[in-house]
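One structure below.
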Amino acid sequence: MDRTWLLLTWLLLLCGVVQGNQESINQKYHDVCSGMYSKEDFNGKVDPYISFTLEELSLADEDDDGEGVSVAVFDFQDYEHIGVRLPNGEIQYICDDYALDLGLCEDSSEGQFIIQETAIDPFTSKEHKLTSQILTFTQQELGTNDKVYSINKTGYYCVTTSSFISSSSKFKATVNFRNAYGQLDASEAYKMPIYAFLAVAYAVCTLVYSWLCWKHRHELLPLQRYILVFCIFLTADTIFVWMYYIIENQKGNSSVALHVYMVFISIFSAGKMTFTLLLALLISLGYGIVYPKLDRTLLRRCQIFAIFTFAVCVAFLVQKYSQNSESLSNLILITAIPLVLCLFAFYYLTLSSMNKTMTYLREQNQVVKLNMYRKLIILCYISLFILFLGLLVSTFAYVGMDTVDMIEQYWKTEFLITDTWPSFVYFLVFVIFAFFWRPTSTSYLLACSHQLPTDMENVSEFDLDDINSLSDEALPNREPRNDYQEHDHNMDIDLASDFEEVPSVNANTNANNDVLFDVDYDRDAKNDRSTT
């Protein structure tokens, strides 16, 4: 087998880095790799090592007592040192009778992998020596081998196996990549402190937003209640993910309880994604900002579609986790295709609704609300730009590396590209979004703003009873002032008599005034007239 194909095989293995401390291998899938930290780089209670446990062995010929499994443990940088290239271009990996006849190995190494002290790099054609030791042995008996591979430096280590004497023999074994800090895979080690930080950050944001909601509980919009519930949900979801990595680090990934817990987290992850899409769709439709309430039929359709998307997402994640990663099956498409269609539908509906809402606000000259939606669009574009920027930077970081160096370094930053970076971007976007729609003493005026539509066709979209009820809820918490109530009463009369007339409530008309809706302007003017 050519070394180029061997390198490509390990490159594919890197794309599916072991998701835990232990990995199963057999006669069909006989290679496995994982990053390992030295005790100096990531301190812990034990010295890191790699061990091999043979669980099953089915001999092709029961009379052949010498048959077993050949094992080699090595640093990936030294993969060229395994095997010897023959004159015909093929590579002889195992020290068998043929290799002994050619003098490629000694009798004491029979059944083991052939190791070369010096090798030629296929990319640079330069000779180089071993950077780390290569452990090779044979095993015929079931159980854990006495020989373990000690990790003295941080690197990407691999275990390759082969059944010697007969290629038709079957076996099953477990490789234990034991790091100093615990059972968690090295590529996920930093997820524990990262998710701990995110859990604390979400908890702080939830406390702050809860305090604002309690402080302005009589002026809350329905949308702000949605955001509060979502804050609590995101905090719980992040804590559960953090606890998952802590449990896996302590117990390993082989327990049934951990797999059940993984399904539970999948449900939460599906809820997080679905709730995000639903919230974005409701805002794009103008819920709570442009209109105090949406049409009941339209709102029900959004909720039903969100529930359907949630069910499809849960089915996809459960199928993904329950399916054996070694068995490539197209059955995953049964749930993957509907999920992609649902996500595309959400994406299309959100953008089209956002465009219609902004067009409507522009036609009605509702400048304040239009600016809020513009900020939201800008925030979405910036978040996408940051996501792609992180991907671009990570890509260029590996441009100057050769294939071996890239494989050696990728596992250290893989979690940043696929998990941490999107999680941090999502957190920042959500915090900024929640800040835009935070509860204030005047935030309820966004829903009952007097900067109303000027066409009679849209009158039905604004329920004056909702406006009055919102105003009545807020007034008891303020000192009773007859002139304000008189002004509010006259305002309703003006709205009922002539809907096209814009009331005298100013929506940031003064360049030096930072107040969104100055509800005291007319009252002060009226008092000035009465004094004169």
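We count from 1, first residue shown onward.
Cβ coordinates come from backbone N, Cα and C, glycine included.
Residues annotated as N-linked glycosylation site in Swiss-Prot, with sequence analysis given as evidence: ASN152 (among others). A C-beta separation below 8 Å, combined with a sequence spacing of at least six in one chain, links ASN152 (N-linked glycosylation site) to SER38, SER132.
Annotation note: ASN253 (N-linked glycosylation site) sits in a coil segment as assigned by DSSP. For ASN253 (N-linked glycosylation site), the Cβ neighbour count at a 10 Å cut-off comes to 19, with all displayed protein chains included. According to Swiss-Prot, the N-linked glycosylation site annotation covers ASN253 (among others).
Positions annotated as phosphoserine by Swiss-Prot: SER497.
Feature annotation from Swiss-Prot assigns signal peptide to 1-20; the stated evidence is sequence analysis.
Here the topological domain 'Lumenal' (21-193) returns a mean pLDDT of 83 for the predicted model. Annotation comment: Swiss-Prot describes 21-193 (among others) as topological domain 'Lumenal', evidence class sequence analysis.
Taken from Swiss-Prot, the feature topological domain 'Cytoplasmic' applies to 215-226 (among others), supported by sequence analysis. Across the range of the topological domain 'Cytoplasmic' (215-226), the DSSP-based residue counts are 6 helix, 0 strand, 6 coil.
Feature annotation from Swiss-Prot assigns topological domain 'Lumenal' to 248-262 (among others); the stated evidence is sequence analysis.
Sequence annotations record features per position, and here Swiss-Prot assigns topological domain 'Cytoplasmic' to 284-301 (among others).
Residues annotated as topological domain 'Lumenal' in Swiss-Prot, with sequence analysis given as evidence: 323-330 (among others).
What Swiss-Prot records for 352-375 (among others) is topological domain 'Cytoplasmic'. The DSSP breakdown of the topological domain 'Cytoplasmic' (352-375), given as helix, strand and coil counts, is 21 helix, 0 strand, 3 coil.
Swiss-Prot lists 397-414 (among others) with the feature topological domain 'Lumenal'.
According to Swiss-Prot, the feature topological domain 'Cytoplasmic' maps to 436-532 (among others).
Annotation source Swiss-Prot lists transmembrane segment at 194-214 (among others), citing sequence analysis. Here the transmembrane segment (194-214) has Cβ contacts under 8 Å with residues 220, 224-225, 227-228, 231-232, 234-235, 238-239, 241-242, 245, 415, 420, 423-424, 427, 431, 434, 438-440 of the same chain, all six or more residues outside its ends.
Residues 184, 188, 191-192, 195-196, 198-199, 202-203, 205-206, 209-210, 213, 258, 261-262, 264-265, 268-269, 271-272, 275-276, 279, 430, 434, 437 of the same chain sit 6 or more residues outside the transmembrane segment (227-247) yet have a Cβ under 8 Å from a Cβ within it. Taken from Swiss-Prot, the feature transmembrane segment applies to 227-247 (among others), supported by sequence analysis.
Taken from Swiss-Prot, the feature transmembrane segment applies to 263-283 (among others).
Sequence-distant neighbours of the transmembrane segment (302-322) (same chain, 6+ residues past either end, Cβ-Cβ under 8 Å): 259, 262-263, 266-267, 269-271, 273-275, 277-278, 281-282, 285, 331-332, 334-336, 338-339, 342-343, 345-346. The feature transmembrane segment is assigned by Swiss-Prot to 302-322 (among others).
Taking every listed stretch (263-283, 376-396, 415-435) in turn, the largest tally of C-beta pairs under 8 A with the transmembrane segment (331-351) is reached by 263-283. Within the chain carrying the transmembrane segment (263-283), a Cβ under 8 angstroms from the stretch's Cβ atoms is held by residues 223, 226-227, 230, 233-234, 236-237, 240-241, 244, 289, 294, 299, 302-303, 306, 309-310, 313-314, 317-318, 321-322, 343, 346, 349-350, 353, 376, all 6 or more beyond its ends.
DSSP places the residues of the topological domain 'Cytoplasmic' (284-301) in helix, strand and coil in these numbers: 7 helix, 2 strand, 9 coil.
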